[in-house]
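Annotated features, as they stand in TrEMBL:
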TRANSMEM  A:49-69  transmembrane segment
TRANSMEM  A:81-109  transmembrane segment
TRANSMEM  A:121-139  transmembrane segment
TRANSMEM  A:171-196  transmembrane segment
TRANSMEM  A:228-248  transmembrane segment
TRANSMEM  A:268-288  transmembrane segment
TRANSMEM  A:309-330  transmembrane segment
TRANSMEM  A:350-368  transmembrane segment
TRANSMEM  A:375-391  transmembrane segment
TRANSMEM  A:420-450  transmembrane segment
Amino acid sequence: MELPFKPRPASSAPDTQEVLIEGEHTYTSLADKLAAIVENKPPPQWYPVVWIGFLGSLLLLTAAVVTLWKGVGIWGLNQPVAWGFAIMHFVWWIGIGHAGTLISAILVLARQDWRDSLNRITETMTLFAVLAAGLFPILHLGRPENFYWIIPYPNNLGLWPQFKSPLTWDVLAVMTYLTVSTLFLYLGLIPDLALLRERARNPVLRFVYGALSLGWTGSAVHWHRYRAAYVLLAGLATPLVISVHSVVSLDFAYSLIPGWHLTLFPPFFASGAIYSGFAMALTLVIPLRAWYKLEDVITPTHLEWMARILLAAGLGVTYVYVFEFFTGWYSGEPYELGLIKNRVSGPYAPYFWAEMTANVAVLQLLWFPRIRKSVWALFVISIIANVGMWLDRFDIVVMSLNRDFLPSSWQLYFPTFWDWALYIGTLGFYLFGLALFVRFFPPIAIAELLHLLHKKKRHH
Amino acid sequence: MARLFGLVAEFDDPERLLEATRRARAEGYQRLDAHTPFPVEGLVEALGRRDERIPWIAFVVGMLGAAFGFWMQAYIQTVDYPLNIGGKPLLGWPAYVPITFEITILSISIALFFAMLLMNGLPLAHHPLRNTPVYPRIFADRFVLVVEATDPRFDPEATRTFLEGLGALSVTEVREA
């Protein structure tokens, strides 16, 4: 579908050196190079990653089974901290997932060509992050075998969910998000699967790619309908992303807990999601680019633009921190003021200051072009940003809950071994999923990049 | 010998394919198709096969999805299973917005995906083009124009000469099965 207007690509701004595909590539050489990622043996670094991921997934499985067997009593939950690691990691993982959809959806609509090299890997990131995220609320239920009670379907008890509760919205939002991002990822894969089908020498792989590619023939009429569906899906995914994290934030904001009862929560969660998601995208793309020798297609331009978005989203998060303090102070509520005092000087103060250092102070380094252009600096900053957002979610969940209205019920939260096992387990599952995906499916969208090459050629 | 499906002209550049398609259309050919590794701008227009149904399907399904989502909540919460919580109105419609929105997006996305497959005739087990040597390359670096044998203007010899005159790298006969 063509937009009625032709926006000028931002990349043509005079001050940027726009290099999206480096080297002298033809269609043949580019397709060969990108398909080789899947066809050749993986680089040596792939094996440790997949093993660590596999062991982490086993840990996740163990922790999940033990939790299901013994109940959530084995976690560090207490009163008043009834939402501990599980909900915190749910929010953290969902946030990480968002950058994938943002890169692939918003940047399609904005006609940003540089997304073409990044969208596949970040969409994969989204898929596994949402899968990891979705696990936590289900385990947190206490009676996870009854999770389907919250799905609206006519049952023989005549019972329905309560649709005015954000918890119900949450289930539908996350499930819709998972479905739409899976469809989007798969839709994007279809032409590449057809290419792999034609190139596969192994008959089993040829059959599998053939079945998955649905017999795609590359007909111009098919492409026309395909692009219409793809762009519309991107257009729908964009508000969807914003809605998912806003709904997640409403789980908090609907309550009266000091620190949670804020109208600013939806944009706060959304900007935090973009920030942590782009941080995770950088953390993953930088090693992938080095290990698979993808410098031709993930150029310094790509990294720098991702760093700029990271900076912009991080400044959004900084703004919210300032605003949180302002609202707390301006409300004059003793409980809000107490929360501020608890944050800056209470038992969790070191975590709070670490969060501020990571998300506010270190972030400012990205203003300097020299740092944005240094791959190592970006890699380190992206990891710090991930840790910072982890602390941010810890701040929201634990620091707001550990002191409620009555000092007699104040209690600190101590995560147990199983809390940590679940978290580290999902990290492993995430790595495992990504490593296997990259082994069998092209991490760079081949058809998109051939298209990009065509556009560049026509330009010159 | 299997029935003739058509003639395939192979090009190595999308611009040349586009030009050839325009010329074939000007010549009066109607049953044309092109196969390319990526969507080439202007190619469906050149083929005269634009299809505007997809956005309309999205619109109609979206309206239906939104109506269903809202109706479901309103019906359940006011008629079938009224829950009075804190004296809030049963038809508290602002609270129904998030779920209505999610159901709308979900229904459009699923409909778009399957409508695209259905209209394109996918999944497809076999295509006559698979019998040509150029087929594997139309997913990477070849751009082909297909003139189907059912075209009223189709003539094995004249069409071949015409296609060769367009600067094709090769012109191949394709047979079905």
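Every residue gets a Cβ built from N, Cα and C, even glycine.
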Can you see whether the transmembrane segment (A:121-139) and the transmembrane segment (A:350-368) are touching - at least 3 CB pairs under 8 angstroms, only pairs 6 or more apart in sequence?
no
Honestly, do the transmembrane segment (A:420-450) and the transmembrane segment (A:228-248) touch, with at least three Cβ pairs under 8 Å and pairs 6 or more apart in sequence?
no
Under 8 Å Cβ-Cβ from the transmembrane segment (A:375-391), and at least six residues away from its ends along the same chain, one finds 92, 95-96, 272, 275-276, 278-280, 282-283, 286-287, 290, 300, 303, 307, 310, 314, 351-352, 354-355, 357-359, 362-363, 365-366
Taking 3+ C-beta pairs under 8 angstroms (sequence gap of 6 or more) as contact, is the transmembrane segment (A:81-109) in contact with the transmembrane segment (A:350-368)?
no
Please figure out which one of A:171-196, A:268-288, A:309-330, A:350-368 racks up the most CB pairs under 8 Å against the transmembrane segment (A:228-248).
A:171-196
